[in-house]
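As annotated by Swiss-Prot, Mn(2+) 2 binding site applies to 298, 300. According to Swiss-Prot, the Mn(2+) 3 binding site annotation covers 822, 834. The annotation Mn(2+) 4 binding site is assigned in Swiss-Prot to 834, 836 on the grounds of sequence analysis. What Swiss-Prot records for 133-327 is domain 'ATP-grasp 1'. For 673-863, the entry in Swiss-Prot reads domain 'ATP-grasp 2', with the evidence type sequence analysis. The domain 'MGS-like' annotation in Swiss-Prot covers 932-1069. Per Swiss-Prot, the feature region 'Carbamoyl phosphate synthetic domain' maps to 549-931.
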C-alpha cells in the first residue's frame, strides 16, 4: 500500500523524564520515528517534557513543544496545531495513557485526529487486564488463573480461593509499578493497596504465580495488510518472578528447542494479529521447564525497553519501521537501511550472542531493598555482543562500571555459607556473582540450579569461566598460547588474566601480541552476512577474520557514557551525539564507542562508525589500535570517559580538548586550591584528608557543619553534610574507602544561593551561554535542585563576579571544550564550590534555551576553531525574553527503604523543563511535568526540624492564605500556633493510616536526626513516596510551590508555547539547528 496522503501532519508524544521503568529507549525510538516520518514528507509536531533528549532538538521535528505530558496540555497543542494523526506508541506508557485519556475526553473526535499505529481498542485490550485476559481466552492462548480486582477485599478473597503466592499487576502502569509477589495476607494488603492507587483506572490483576518458569520474549511487527514478522526472540536468564527490566537477557534464546521456539513464535504472531497492532509489539511468555506448557504473561502494544534491546541486538530499526507503518506503508515496501537491499519483511538472523545486564542504583542507595521482583528497580542497562555467551557475558559485566572486571566481587569470599545460600535463593543484584562464588567453592550444579531456578546451560557456562580462571592461576606468569586464546574467547580482560597469572595487564597485552592473539571486529548486519551491510556497526571477538574496512579519512573517537545511572544520565548521551555531529560538520569521520542499547548514540545511523564495546582501557585501546584516530574526546562521556583519561594519555593517546594537566588541576583538591588562591578567587574553606584522624582535625578547625565527599566522583556519590564528630567517624568508616590515592574532601558548609555556569573555551578564552540559579540553597545536589534560567534574584554585581571568576578559571586551566562551575552566593560574596572540566547535565537545557549548540561548538573548538571563528565573543551571552525552569524527577516509589530527603548526594533519575514568559508560569509547568500534583485545597502536613521552624511559620502562613488546612506534628504545631496560625495536631508514630486515608494533599518535612530508618520522620517520607503523596524536604521548594499555586489561582494556567515561536519572537530562530554542511549552525 502506498503512503497515506491524507496524513499530512502527525503529533508524536514523547515519554517525558527518565524514571525507573522508562528510560532513554524512548528518546532513541522517538528520534528515529520523527526522522522516518519526515522522510515520508509528513510534518511532525512533537511534545515532550524532557529537555535532555535529542528528540526535543529544534531540527528533529517541525514544531517542538517542551510542555507537561498531561492530557489537557496535549489537548491545547492539538487545538493549536490541528494534526491529522496522533502517534502515541513511541512515548512508552505515558504516551499510551495520554492517548486513552484524549479519546475518552472526546478531544480526538472533536478535532478529527486519527490514532495512528495501534488502534485505541487494541491499546485497551492490551493494557486493561480483564479485556486482555478475555481476548487471550477467545483466541485459545493460555493465561494464568486470575481475577480483576478493584479493592483490597476482592484481592484477599481471590488469594483465599487459590492460595499464596499471588502476583499483583496494576493496569496502565510502567515497569511493574505498584506490583509485586505476595506470599502472605499482610503483604497482599500492602501491595494491592499501593497498586490500586497507582493504576490509572484503579484496577489490578491478581494471578496465580508461575515464578520459577522460564521467561521468553518475542519482539514482533505487523503492518496494515496483516503481514507479520518476528524481529527477535529473547530469553531471560532469570526465571519468571523478576521483572524483565531487572533480568539478565540473552538474544537469541539459547536453551529453547526448535519446537519450543516455533510454538511461542506462532503464539506471538497470533496475539499481534488478534490485537490488530500496527507497528511493534512485545509479547512475554512463561514456559514450563519440564513440558511444552506455557502462559502468556503480558503484551506491550508499543515500542518498549525490550524493543530497543531487540533493535540494537539485531540492527533492525524497529521504531523507524513502526513509524512508517503508521502512515500506511507495509513491511514489503520499507527498505532496511542497514543492508540497503533487503526489505523490512525479512526476519533478522543473528550469528552472534547478545547479553543485556541491568544497571541498578544500589551503589547510590546502600539502605535500599536489593531484592528483585515484579517491580523494576534498574535505572539503566548495558548490552554486549560476542560470538560466545561467555564472551558477551564478561563484556557486559565490565560495562556495568561497578568496580569489577570479572565474576568475583570484592568481599564475596568472606560470605558465610548461609549468606551465599541466601543470595542464591532470593533474587538480587548480586546473584550472578553469588553463582560464581558457589562454583568457586565447588558447590554442585544441581544444588545451585535448585536454589536459583536458572537453566543448567547458563550455570554450566558460568562454572566454565570459574574453571578457566583456575587453569590460568595454575599456569603462572606465562600461560600457554592455547589457554590464553581460550581466556580471551571467553571474554576475560587482560587485567583479570594478569591478576590470575601474576602479570601486569600491559605484559598480558604484550604476550597476546607475541602469540598473535588479537581481537577481530565483526559487523552487525541483520542477516548473518547473507547480504552486505552498509551501516558500520561493529563488535569485537577473538576470531581470525576481521570485517572492518578502515578508511583513510581523518577521524576522531568519541567515548560514550555507558549505562544510565543516577548522576550520569541521558544528558551525556545527548552530548556524545552532538559531538559526533560537530565532527561531521568539520568533515571529520566520527567514531563512537558505547554499550547502552537504549540511546541515540548507539543508533545505526548516528556516527560514521559505531563500536558496541565496554568503556574500559583495554576495550577502548583495541578500537584505537584498529582505527588510529587523530585523537579521542572524553569530555562528553561523563565520569566514565574522564576516568579513562589518565590511562589513555599515559599510553600516548592524544586527548582532544582541555589538557590532561588542566583536568588534573581541576579534580585534584590541593592543586585546585593553589590555583584559586593564585587567581584571588574565594572558595569554601576546606582540605583533603586521607584518614579518619585527618578528617576530624580538618572538621574541628573549620567548625561543623562540614560538607564531605570523595574526590573524582559524579552525581555527588557518597557526599554528605556532617553535623558532628560521631557522624564524621561513621561516614569515614562506612560510606567511603579512603586512602592516600583516594582522599576525602572536607569543606566548610556555606548555606547560600547556588549558581551554575556552563562555558565553552577555545584554549584561550571562554564564552558563557547562560547562568542558572538554583531554587534550593547550597547543600542540595545540583542535579536534584530546581534551576532557573536566567537568574531571578542575583544582583548585577554578583553576576559580574561570576563571569569574571569563570573567565579567570577557564583561562588558567586552558579550557578547550566545555567547563561547568558551581558557585555559592552568600551575603554578596561569590565562592567556588566545584569545577568540572567536562560536559555537565545542564548542557542540553542551556543549549535549548539559549539557542547555542554548545557541544558542537565545543567539539569544533577542540579541532582548533577559535571562539571568533565560531561567532562568539568572550564573556556572557545575551539573555532571551523567556524563563526556563529545570526540575528533577525521582523514582522513590520503586526503591523501598531509600531515604527521600534531599542532600548533597544526587537521587533524581531524570528531569523536566518548563518554559514560559513568566517565572511562575515556567515553574508551574516544570512542577507539573515533574508529577507534583497538589489539590487546590485540603490538608497540608508540616513536620520540620527545630532549625527550620521559624522559616516554616511564614511558609505555612502562605498555604493557609491559599485556603489549605494546616496540620502539624506537636513540636511544629506549637511554633505555628505561637505565630497565630490555626493548626490541627497530628501524630506520625505510624504515618500509614494518615497517608492511606487519602485526605493529605501535601507533606512538608525536614529531617531532624539524619536519615535513620525506623524513625517517624523517615517512615513519613517513605510512606508518602510509596503512596504518591507529594513530600517536600526543602523549605525553598515548599515556598516556590506556594508561589506557583498563588499565581495559577489568580492568573490561570499558562498556555503551551512551541520552541520555534519563542525563538522567533526573540529574533534567534533556528540558531541551534544542526546543519552538516556549513558554519550556519553557529553564526
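Each residue, glycine too, has its Cβ placed from N, Cα and C.
Each of the listed features needs to be described in terms of its position in the shown structure.
Counting every protein chain shown, the number of other Cβ atoms lying within 10 Å of the Cβ of residue 300 (Mn(2+) 2 binding site) is 24.
Other C-beta atoms found within 10 angstroms of the C-beta of residue 834 (Mn(2+) 3 binding site) number 19, with every protein chain shown included.
In the predicted model, residues of the domain 'ATP-grasp 2' (673-863) average a pLDDT of 91.
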Going by DSSP, is residue 834 (Mn(2+) 3 binding site) sitting in a helix, a strand, or coil?
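SS state of residue 834 (Mn(2+) 3 binding site) = strand.
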Residue 834 (Mn(2+) 3 binding site) to residue 300 (Mn(2+) 2 binding site): how many Å between their Cα atoms?
44
Taking the Cα atoms as reference points, how far is residue 836 (Mn(2+) 4 binding site) from residue 298 (Mn(2+) 2 binding site) in Å?
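Roughly 44 Å, rounded to the nearest whole number.
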Kindly report the helix/strand/coil residue split of the domain 'MGS-like' (932-1069) according to DSSP, in that order.
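Breakdown, helix to coil: 66 helix, 19 strand, 53 coil.
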Including all protein chains shown, what's the count of other C-beta atoms within 10 A of the C-beta of residue 298 (Mn(2+) 2 binding site)?
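That number is 18.
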Which chain-mates of residue 822 (Mn(2+) 3 binding site) that are at least 6 residues away have a CB under 8 A from its CB, listed by sequence?
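When sequence neighbours closer than 6 are ignored, residue 822 (Mn(2+) 3 binding site) has 754, 755, 756, 757, 782, 832, 833, 834, 835 within Cβ distance under 8 Å.
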Specify the secondary structure state of residue 300 (Mn(2+) 2 binding site) as given by DSSP, simplified to three classes.
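Reduced to three states, the DSSP call for residue 300 (Mn(2+) 2 binding site) is strand.
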By a simple count, how many Cβ atoms lie within 10 Å of the Cβ of residue 836 (Mn(2+) 4 binding site), its own Cβ left out?
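That number is 20.
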